[in-house]
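The domain 'BPL/LPL catalytic' feature in Swiss-Prot is assigned to 146-330; the stated evidence is sequence analysis. Swiss-Prot lists 188, 193, 194, 195, 196, 249 with the feature ATP binding site, giving similarity to another entry as the kind of evidence. Positions annotated as (R)-lipoate binding site by Swiss-Prot, on the basis of similarity to another entry: 249.
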């Protein structure tokens, strides 16, 4: 793996991966791969499974405790067709199920036991992925002696804007533009600023003990690993600990420390649709509003894609280097999760919290806003107006007030 990244990216294994990503005719691509398939392509071929993973609309999950398979009595005909097609592909081409997805009980046993591992989520649901990350963090045991239980998690989210736990969302995002471009809004469980995700962005989360935690450590490792593959990448670290390339930010970070453990999670812009990001972090608010908030304010930065690395290549490289660098006793395994099998009540509860309007709009810091030309000052806590120059506004939801501001002012 000491060769230049440009050569590494053209190896047969990764050319196949890139062809898969850019293919226009799925069946012809599958056929071409099947003819050349052997054991060394098995991991690449397994990526076909992701293409046929059903959406939440097409799957009903068994709710009974101890069960983790699909409820065949409630499964839609579309899901049955997808499953049948996957099985046909597997039987004919010997591909499709190489990535063994953990059941809920397997996930619980692995996370709550001591040891180091890598988890890759095959889901693109931001609600599931953030809930999974939270589950792994909360349930990782503290090492009383010996090596700490450091873990690495990867996930790729569909379009979404993710604000920090302690941010005033109305100062961070344009809700109307998010809706028009089909971006979900999430408030995560950690601090930090607002970031935008799509399928061209990889999120990684490094978990370790509080004693071993250092905010810039893992990004330094990322830079070292990627630059060693291709020095032309010229990745560097800025004073905030973000990864930059040619002065442009390609990775943003956030952190959480609790219960003697800590994690650093970050984005990596690889081939994101940056055009779609335009304007989403520029709230369309009246110019006569003056804000005061104790919350965290995002730092605006120029961004770009790394460009010559695909998401799957990035995950493969960082996983391999993590396995080699953090190996203690035995190999560090890689596990796979999705929102259909690798889910339990704790993850579901976290997903419900993330999806709730209460968490999105009625949490966050206290703030006040002055409407200058109206001589009006409004104070807000937990999304509710609790103090104002006009008594008739006290007790209103700030969200509703802002959506109908002309009628109130």
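One is the number of the first residue shown, and numbering goes on along the chain from there.
Placed from the backbone N, Cα and C atoms, the Cβ positions cover glycine too.
By neighbour count, meaning other C-beta atoms within 10 Å, the densest spot among the binding-site residues 188, 249 is 188. Under the DSSP three-state reduction, residue 195 (ATP binding site) is assigned to strand. A simple way to gauge crowding: the CB of residue 193 (ATP binding site) has 20 other CB atoms within 10 angstroms, across all the protein chains here. For residue 195 (ATP binding site), other Cβ atoms within 10 Å of its Cβ number 26. On its own chain, residue 194 (ATP binding site) has 161, 162, 163, 164, 167, 172, 173, 281, 298 as residues at least 6 apart in sequence with a Cβ closer than 8 Å to its own Cβ. Sequence-distant neighbours of residue 196 (ATP binding site) (same chain, 6+ residues apart, CB-CB distance under 8 A): 160, 161, 162, 183, 272, 277, 280, 281.
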